[in-house]
Amino acid sequence: MKIFEKHPRDLSTARDEEELTALHMLARKPSEVLSMTSVVKETITGMDLLKAIWTEVRKLKMEEIFELTTRPSIVLFDAIESENNDEVILTFMKSDGKLTTLKDRNGRNLLHLLFLYRRLKISDKIKPSEKRQMIREVDNEGNNVLHLASQLPPEFRSFSGLRASKQMLSEVKWFKKVKENVPHELTRKRNKKGKRPVDVFYDEHKQLSEQIKRAAKVTAKSGMLVATLVATVAFAAVLTVPGDKSNDWFIVFILANTVALFTSSASILSFLSNFISSRFSESDFVTLHPGLIVGPPLLIISVVSMVMAFTAASFLILDCKTKWVSYVVASMWVVPLFFYLLFQFSILDSIFLRRHGLSKLVGAGCLQRVV
């Protein structure tokens, strides 16, 4: 900032070997970087520097401003493509309305890019008269804003397993939200390839759908195996009821064992539905089969009930002789619960990542490529 204050005009218009200006560089920075305060003066941020440079640039002639902000790329569009740069986008949009009428090399206008990079809130800042015109324009491939909103962002293409299903739910929610904010006739418009927005959405998310199907079947196989084991143990336990049947613990044993048997059986059927359901044989994209939503909770309940039945059985067998052993056995139920909660909240994952120095890579979204 001190250097800029000494040479404002020269540094505002200077270009590097790639013809980029300081505005191009700052527009591509994420907001968390621009919000960082200066080491020398804590009140100065990167955003302050950007605004100061932009104020100086606006003193130039209109032809010079356009030359400076549109070559080699459009500064406003660079800001849209960067991460969490809403304040920078609004700075350029409010300062010069003519920048909002520009198009990139693909024929995409400002509104196209806002929908493509999912900046729906910023699109509300555009003047209604300009927005009505831009929302019906198409790019060089004949895509309207809804076609572009249907595309899957590159960072979401590597999702796998159940995370893919969560991402699919988010994608469907996003697409429905965009449809509600555009004219209805755009949903029927076809691009130069003859595809409607819903067709583009299907093509873009087809691979994600296949990942969900594969992950669902693998999870269902594992779930069915465990549920079958629990059901077998619970059924065998009923045939060999231990101890005194007049004891109160006998009622606890029967109830817990019954819950374990029927919830494990229900879990088996829930997981089995993943293989026989017509949803997974059709070519449509899917989110997550209901069997994988209901099956795991039922399996957890059956395992907990099995542990309770075992605890009750220990009281039935040892209550009259060595009572303290029963209490020791009963207290051990916290062990499986502890490990379940431990893995559920990914505590071990965090410890492992920190030990191997991978925590920063996870935050940057690079762990999958490393593995």
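Note that Cβ sites are derived from N, Cα and C of the backbone, with glycine treated the same way.
Keep in mind that TrEMBL annotations are predicted by a computer and have not been checked by a curator.
Since we're looking at a predicted model, the values are computed, not measured.
Copied from TrEMBL, the annotated features are:
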DOMAIN    217-316  domain 'PGG'
TRANSMEM  223-243  transmembrane segment
TRANSMEM  249-272  transmembrane segment
TRANSMEM  293-318  transmembrane segment
TRANSMEM  324-348  transmembrane segment
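As a summary of secondary structure, the domain 'PGG' (217-316) carries 82 helix, 0 strand, 18 coil according to DSSP. Panel annotation: around the transmembrane segment (223-243), residues 249-250, 253-254, 257-258, 260-261, 264-265, 267-268, 270-272, 292, 295-296, 298-299, 302-303, 305-306, 309, 313, 315-317, 319 of the same chain, lying at least six beyond its termini, place a Cβ under 8 Å from a Cβ of the stretch. The average pLDDT the prediction assigns to the domain 'PGG' (217-316) is 80.
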